[in-house]
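Since the structure comes first, as structure tokens, the remarks are kept for the end.
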Amino acid sequence: MSTSSLAFLKAKACAEIVAELIASENQNKVINLNALKMRISKKHQLSESPRLTDIIAAIPPDAYLKESLMRKLRAKPVRTASGIAVVAVMCKPHRCPHIAMTGNVCVYCPGGPDSDFEYSTQSYTGYEPTSMRAIRARYDPYEQARGRVEQLRSLGHTVDKVEYIIMGGTFMSLPESYRHTFIANLHNALSGATTEDLDEAVKFSEQSETKCVGITIETRPDYCLDQHLDEMLRYGCTRLEIGVQSVYEDVARDTNRGHTVKAVCETFQLAKDTGYKVVTHMMPDLPNVGMERDIFQFQEYFENPAFRTDGLKLYPTLVIRGTGLYELWKTGRYKNYTPNALVDLIARILALVPPWTRIYRIQRDIPMPLVSSGVETGNLRELALNRMRDLGTKCRDIRAREVGMQEVHHKIHPEQVELLRRDYTANGGWETFLSYEDPKQDILIGLLRLRQCSDKTYRPEFTSQPTSLVRELHVYGSAVPVHSRDPKKFQHQGFGTLLLEEAERIAKYEHGSKKISVISGVGVRKYYQKLGYTLDGPYMSKWL
């Protein structure tokens, strides 16, 4: 069969699949997409089923029930279930900055220019999905961002709201000129501008149709000082991911972290007083810790106000060739927990998580063939949640309760929505966690993090008068395009405005603040302008 004949048959098959999907939608019938694809492929004698991207491309732009069809065809709906499209990009490979002080990298770190995986960035192998996309793009930020946005769009996702995650080691240790160009290109990828000037790129990004709602930067406590925090505000950064790995000073020293746990706690306070959301990386099963100390360190982490971050990534220790830990393992001086013990530990950690914390990840994305010892399965979260069911405990972190995830995994919808408030002290400040929830079904629709800063805050926007700080405002549910509404979804239904009004009331009458400021993604500034906020340095502020 000629190439043109095959292309014609594939196009015909895609059109028939779309027609049957529209018919089933009209008749309110549930249809098995895989069975439909196989039947149509067999009819046209195709050797393989049409790809999802081809079927999506075959839907006419003015098709009746297009949005409903897209929901059925969307690949990996979890990607935008939280209301935004997350786009991970990597900076160029560079050496870890603390090699200059300690003489080497952390004992468990697999990547970097001096490792067995020499074309990879620090702490990555080069075989993770994000790493492979970065290598294909030769670490060009513009190519990485455009490629990933187009890929998500072709898979049926709404990509009007994008959050960047900058991975690949300590970004803030790279030269300033490289950092500025890198961030400018990320903003250009959404706005279509071609400027190399950082401030100009940010201005264009504010007006862009595809909004940059936030940037997350991976860093270390020694690259999270005043000057680094100020620089990241200029980029449009709203969240920091800080490598902690352990709350024990002896473990930080023995694993060659190059910083103390005391420095970590000081960084958390500084970052939160500047308005950032703080996410940490923690590693259970490190050398010389043991099960009892592991459980105790997570109790300490969630209960001690010196820690208590907004989010957490759990990375159980992996033994990978070329690392110091690999040598310890090979000579019998280190041994991982058994798979059953590890699942048990993760289940016990998840039971401790407070409702204002989000568990972003539970294991690394490193391919199993590269792992000499450690996690043996790719579904550790699922196994841990099943173990929790057996033990009669429940995970109440944000991700487990948010409305988008409940719809994707359990097809559960909220019924009676209420405003809930939780207050706690953390990192020298008073934190208020406001949320709209269905308490009966334990479903979270939207949240707001309000902070009365500690007296160590240094930003001039906050020191001249008492100021309260909104560090996060997020309404969950599948992503809805900007300027659009969907009565079946929760974004753009007014929950964000209501949460902000309550935050303003608390700031004025309970904190005694004269001003309320929001750390806002570059693309979200117009939203706050409509609510009476004005640009105040890198923040959006309103006098109370």
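Just so you know, the numbers here start at 1 and follow the chain as drawn.
From the backbone N, Cα and C atoms, a Cβ is placed for every residue, glycine too.
Copied from Swiss-Prot, the annotated features are:
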type: DOMAIN; residues: 79-369; note: domain 'Radical SAM core'
type: BINDING; residues: Cys96, Cys106, Cys109; note: [4Fe-4S] cluster binding site
type: BINDING; residues: Lys161, Glu472, Leu473, His474, Val475, Phe495, Gly496, Thr497, Tyr528; note: acetyl-CoA binding site
type: DOMAIN; residues: 393-544; note: domain 'N-acetyltransferase'
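Projection of Swiss-Prot feature records onto the structure.
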residue: Cys96; record: [4Fe-4S] cluster binding site; DSSP (3 states): coil
residue: Cys106; record: [4Fe-4S] cluster binding site; DSSP (3 states): coil
residue: Lys161; record: acetyl-CoA binding site; DSSP (3 states): strand
residue: Leu473; record: acetyl-CoA binding site; DSSP (3 states): strand
residue: Gly496; record: acetyl-CoA binding site; DSSP (3 states): helix
residue: Tyr528; record: acetyl-CoA binding site; DSSP (3 states): helix
Residues near Leu473 (acetyl-CoA binding site) in space but at least six apart in sequence (CB under 8 A): Gly446, Leu447, Leu448, Arg449, Gly496, Leu499, Leu500, Val518
Candidate binding-site residues Lys161, Val475, Tyr528, pick with smallest Cα gap to Cys109 ([4Fe-4S] cluster binding site): Lys161
Environment of Cys96, Cys106, Cys109, the listed [4Fe-4S] cluster site - residues of the same chain whose CB lies within 8 A of the CB centroid: His98, Asn104, Val105, Tyr108, Gly112, Gln122, Ser123, Asn256
Most crowded position, judged by CB atoms within 10 A, among Cys96, Cys106, Cys109, Val475 as binding-site residues: Val475
Overall pLDDT of the domain 'N-acetyltransferase' (393-544), taken as the mean: 86
